[in-house]
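Chemist: Quick one: the structure is below, and I'll ask about it shortly.
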Amino acid sequence: MDSLWAAIAALFVAAAVVVRGAAAADDAQLLEEFRQAVPNQAALKGWSGGDGACRFPGAGCRNGRLTSLSLAGVPLNAEFRAVAATLLQLGSVEVLSLRGANVSGALSAAGGARCGSKLQALDLSGNAALRGSVADVAALASACGGLKTLNLSGDAVGAAKVGGGGGPGFAGLDSLDLSNNKITDDSDLRWMVDAGVGAVRWLDLALNRISGVPEFTNCSGLQYLDLSGNLIVGEVPGGALSDCRGLKVLNLSFNHLAGVFPPDIAGLTSLNALNLSNNNFSGELPGEAFAKLQQLTALSLSFNHFNGSIPDTVASLPELQQLDLSSNTFSGTIPSSLCQDPNSKLHLLYLQNNYLTGGIPDAVSNCTSLVSLDLSLNYINGSIPASLGDLGNLQDLILWQNELEGEIPASLSRIQGLEHLILDYNGLTGSIPPELAKCTKLNWISLASNRLSGPIPSWLGKLSYLAILKLSNNSFSGPIPPELGDCQSLVWLDLNSNQLNGSIPKELAKQSGKMNVGLIVGRPYVYLRNDELSSECRGKGSLLEFTSIRPDDLSRMPSKKLCNFTRMYVGSTEYTFNKNGSMIFLDLSYNQLDSAIPGELGDMFYLMIMNLGHNLLSGTIPSRLAEAKKLAVLDLSYNQLEGPIPNSFSALSLSEINLSNNQLNGTIPELGSLATFPKSQYENNTGLCGFPLPPCDHSSPRSSNDHQSHRRQASMASSIAMGLLFSLFCIIVIIIAIGSKRRRLKNEEASTSRDIYIDSRSHSATMNSDWRQNLSGTNLLSINLAAFEKPLQNLTLADLVEATNGFHIACQIGSGGFGDVYKAQLKDGKVVAIKKLIHVSGQGDREFTAEMETIGKIKHRNLVPLLGYCKAGEERLLVYDYMKFGSLEDVLHDRKKIGKKLNWEARRKIAVGAARGLAFLHHNCIPHIIHRDMKSSNVLIDEQLEARVSDFGMARLMSVVDTHLSVSTLAGTPGYVPPEYYQSFRCTTKGDVYSYGVVLLELLTGKPPTDSADFGEDNNLVGWVKQHTKLKITDVFDPELLKEDPSVELELLEHLKIACACLDDRPSRRPTMLKVMAMFKEIQAGSTVDSKTSSAAAGSIDEGGYGVLDMPLREAKEEKD
């Protein structure tokens, strides 16, 4: 009998082996079929069906059977039809991931197919070309009967609309992620509810375009619901969520919801996390509702309009770990019911940007798990409780802009993990407690605008993590500790407006080159730019920690009302260095510092802003400062400096300099940017001369001591002069000879003899009425037409107001970061465009006028000409030629504007024209002009479809920090900003080249630079193209171009190479715009298009207003990374 049972068992084992082997063979066969169906064969190179399923790339096996397969991130470029016919059929696979694998096609291709019986988790996320309706999703879930987790986030679900019926739907799913798709209609969501989506435990519909919340039925099993980032408006309908009593997480943030706190939520007694932030809710919080939500661990109501006091029932929630009520209008005191439980788990308390009063209650000290405490921008008074030192886990203590008094408690030294101590804008007194030296993790110390005194402690130099030190606007005295140079992480040092004396320690530069990568990471900040010329405040501006605060609410700061903060910029304190890391901001102004400026400060390779003004500094300006290659702002005004301005400063790309009120002498260097600044920046230096100051008088009397040496030099000088005159004569003869051979250019493209524009050294007659008259006045508008080639008629303010119908919205044809643009027809019939600039309260009349005179002289066929400008009070208006077809963005992405498509010939002409205009700014103007915001909306199209670059001078109208601190505003537009701008405040011509590369991609692909529908939330056009260039490269081109003329494919590829070169991550490897033009010319030279087209294209390149390609190749010196 035993032998019989043994024989039967052996038969079963053998049968199992046979079945397993057959199943494995079936899996291998399906994988081989899939491999053959994948267009990108290189992605699965090295495997064939004979290798077995377990050796397939991304395979996971258990006991010899294929149980999981992950091809996430592999650029398959496969059709979903092939996936459904092969990978979904794998019999033993439990987990299948094709996340970000470039799968495309329709989800409906799975219709009729059956999934493998073991499949439990399917991840198809991040495939932007995978499209279908929510009904297709339900059908896929039904086809895979055992499926529990389905992830389709970042695809194109919703692009197709649902039909009728409901089907078995989603009932079997445990988790469904449809976030970041295209679900728009309310009917889609209602269909899903009818199809049983309420039975799904985890449902993520964030980042779609849903506009309403239907009533969820049969949703007792729903535990997680995320509808954030949609377009839901109005109040949450009563009863919409009342059946979902099992909900543990509800996220309705970033919508347009309004009304009072939704009453239904009080019935969701199982809630662990509730997020209603970034909506328009208002009214008081119902205390009785929160009394029922005893399981809440996270509550976020920030960025709403809730008011009244904070209910005790909120503060005393027993399980609460995170409480964020920031940016509302709560009033009253901080509840004393906080952390009543000695075992409180609260680790985040955000109450900033409200109207809270009273003191900091002792109850806060009971929150022993607290990691982050932010009470900034309130009206909290009293002293900082010494008991806060009991919060041993605290990392962030942020109390700026309150009414706190008294001394900084020494007990804070017990918080040895403290990283951010931010107490600006209070009334604190005393000195910095020496005990704080124990807080060795401090990263950001900000004590500005208090009444602190005493010396700056030398022990600060021992804080190896210290990155930001702000002690400005206090009464600190004594010398600057040389030990600060030992702070190897220090990037921001602001000591302005104190009573410091002694010399500037050369040791401050010791940390240069010793910094690590990623020193300060992740803290939101706002930088308030201060216009010192008309302000009661001092220094270049104020850096504030800015977590969960509305920018508009900064107007409540008394200091902002006193100071003339011209602009504010929001960003994140994340800074990395490629090499030679150093300080980036140094402000020691308004002190009593004396002695010479140490030349070692020039060793700070990344230093961008240096303000040493309003001190007692003496000696000469060290030429070594010019070794700080990234220096953008330099203020040495109101000192006792003498000697000349170093010629080495000509190599700096300065955007702001102030050397006024010193004892400097000599000539202002003409090279570089120094001569482009207004004379106010050099005034009150009795020995200084040269533009923009009066010219140097070389015949002025000399002292007797100098007479003999000058006599000895006379012979040599006369010889040099004769040589120079002869050389000048030869140059003139050559120029005349060349000029006689060149055909006349159009009048509007008149050039200087050497094709180079130099800033004006003289001022033509102008119309000097200052435009301060009211509308009823008869005085002429102050329009400066110096060197403008086609003077406008005499215009009054009333003329422009009448031409734009009072700047009526109906006349507005555009809007951007610099202001609104209006179409206007003047009385003589001429149609112009009038740009009404945003108010620039920090821009003086002289600076504005000088800049306008410079911009007005720049004429080129591919630049939009400035016809005139005017100013009245704070108003600034610019008058331009009107461009009939608007911008390239309008023409390319909104074709109804001109009612026609752009074929490749037109796009090529636009690409070359825009490049020519930008090359002219970079290489034909001295100093060169950096556009700073090159994008398709700044490429205008005239009636001949000729590209004209606009706004090329706008960034210079703003102050340096406008163009060097805010990559999110003036220094670029999302999608066009080069990667280095996120690490450096400094704009360069190579940044413009990158932005031009994006414009060229737009012309080639027909796609905008950013579109989450096409590229996903974390991608853009550049990233999308770079992904596709690894696959079938021609897929990136606009299908309309190849459909119209397949023969242009090779030419498109050549232009794509140019675009990719412009988009190199390393600026030094990008071509100059002159090189780009040369590459265009090479393409034309080798083009196989017909002679007529070729001739036209060649003309479009060579006929630049000033012969950009014919000029000697004066390649700009490469910027060092």
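From the backbone N, Cα and C atoms, a Cβ is placed for every residue, glycine too.
Straight out of Swiss-Prot:
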DOMAIN    807-1083  domain 'Protein kinase'
CARBOHYD  N218  N-linked glycosylation site
CARBOHYD  N251  N-linked glycosylation site
CARBOHYD  N275  N-linked glycosylation site
CARBOHYD  N280  N-linked glycosylation site
CARBOHYD  N307  N-linked glycosylation site
CARBOHYD  N366  N-linked glycosylation site
CARBOHYD  N381  N-linked glycosylation site
CARBOHYD  N473  N-linked glycosylation site
CARBOHYD  N501  N-linked glycosylation site
CARBOHYD  N564  N-linked glycosylation site
CARBOHYD  N580  N-linked glycosylation site
CARBOHYD  N658  N-linked glycosylation site
REPEAT    144-167  repeat 'LRR 3'
REPEAT    197-221  repeat 'LRR 5'
REPEAT    244-268  repeat 'LRR 7'
REPEAT    294-317  repeat 'LRR 9'
REPEAT    392-415  repeat 'LRR 13'
REPEAT    580-603  repeat 'LRR 19'
Chemist: Return the residues near N381 (N-linked glycosylation site) by Cβ distance under 8 Å, restricted to its own chain and a separation of at least 6 in sequence.
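Modeler: Once residues fewer than 6 apart are set aside, N381 (N-linked glycosylation site) is near T357, G358, G359, N402, E403, L404, E405.
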Chemist: Hey, does DSSP put N275 (N-linked glycosylation site) in a helix, a strand, or just coil?
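Modeler: Assignment for N275 (N-linked glycosylation site) reads strand.
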Chemist: What does DSSP assign N473 (N-linked glycosylation site), in three states?
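Modeler: DSSP call for N473 (N-linked glycosylation site): coil, neither helix nor strand.
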Chemist: Treating G and I as helix alongside H, and B as strand alongside E, what does DSSP give for the repeat 'LRR 9' (294-317) in helix, strand and coil?
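Modeler: Tallied per class, the repeat 'LRR 9' (294-317) gives 4 helix, 7 strand, 13 coil.
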Chemist: Could you put numbers on the helix, strand and coil content of the repeat 'LRR 7' (244-268), residue by residue per DSSP?
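Modeler: Secondary-structure breakdown of the repeat 'LRR 7' (244-268): 5 helix, 7 strand, 13 coil.
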Chemist: Sequence-remote contacts (6 or more beyond its ends) of the repeat 'LRR 13' (392-415), Cβ cut-off under 8 Å?
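Modeler: Sequence-distant neighbours of the repeat 'LRR 13' (392-415): 347, 352, 368-386, 421-439, 441, 446-447, 452, 544-545, 547, 557, 559.
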Chemist: Below 8 angstroms Cβ to Cβ, which residues of this chain, lying six or more residues outside the repeat 'LRR 19' (580-603), approach it?
Modeler: 472, 480, 490-506, 508-509, 511-517, 519, 538-540, 543, 609-628, 635-636, 641, 985
Chemist: Return only the integer: C-alpha distance in Å from N473 (N-linked glycosylation site) to N658 (N-linked glycosylation site).
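Modeler: Cα to Cα, N473 (N-linked glycosylation site) and N658 (N-linked glycosylation site) are separated by 21 Å.
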Chemist: Are there residues at least 6 beyond the ends of the repeat 'LRR 7' (244-268) whose Cβ is under 8 Å from a Cβ of it, and what are they?
Modeler: 198, 206, 216, 219-236, 238, 274-283, 285-286, 288-289, 292-293, 300, 306
Chemist: DSSP-wise, what's the residue breakdown of the repeat 'LRR 13' (392-415) into helix, strand and coil?
Modeler: 5 helix, 8 strand, 11 coil
Chemist: Within 10 Å of each Cβ, count the other Cβ atoms, then let me know which of the glycosylation sites N275, N366, N473, N501, N658 comes out lowest.
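Modeler: Candidates: the glycosylation sites N275, N366, N473, N501, N658. Fewest Cβ atoms within 10 Å: N501.
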Chemist: What is the nearest of the glycosylation sites N218, N251, N307, N366 to N658 (N-linked glycosylation site), using the Cα of each?
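Modeler: Looking at Cα distances from N658 (N-linked glycosylation site), the smallest one goes to N307.
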Chemist: When you put N251 (N-linked glycosylation site) at the centre and draw a 10 Å sphere around its Cα, which of the glycosylation sites N218, N275, N280 have their Cα inside it?
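Modeler: So the list reads N275.
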Chemist: Among the glycosylation sites N218, N251, N307, which residue has the largest number of other Cβ atoms within 10 Å of its own Cβ?
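Modeler: Neighbour-count leader: N251.
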Chemist: Quick check: in three-state DSSP terms, what is N218 (N-linked glycosylation site)?
Modeler: coil
Chemist: Give me the Cα-Cα distance between N275 (N-linked glycosylation site) and N307 (N-linked glycosylation site), rounded to a whole Å.
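Modeler: Computed Cα spacing between N275 (N-linked glycosylation site) and N307 (N-linked glycosylation site) is 17 Å.
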Chemist: Quick one: give me the count of other CB atoms within 10 A of the CB of N280 (N-linked glycosylation site).
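Modeler: That number is 14.
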Chemist: Given the glycosylation sites N218, N280, N307, N366, which one's Cα is the least distant from that of N501 (N-linked glycosylation site)?
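Modeler: With Cα distances computed to N501 (N-linked glycosylation site), the winner among N218, N280, N307, N366 is N366.
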Chemist: From the Cα of N280 (N-linked glycosylation site) across to the Cα of N366 (N-linked glycosylation site), what is the distance in angstrom?
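Modeler: Given the Cα positions, N366 (N-linked glycosylation site) is 33 Å from N280 (N-linked glycosylation site).
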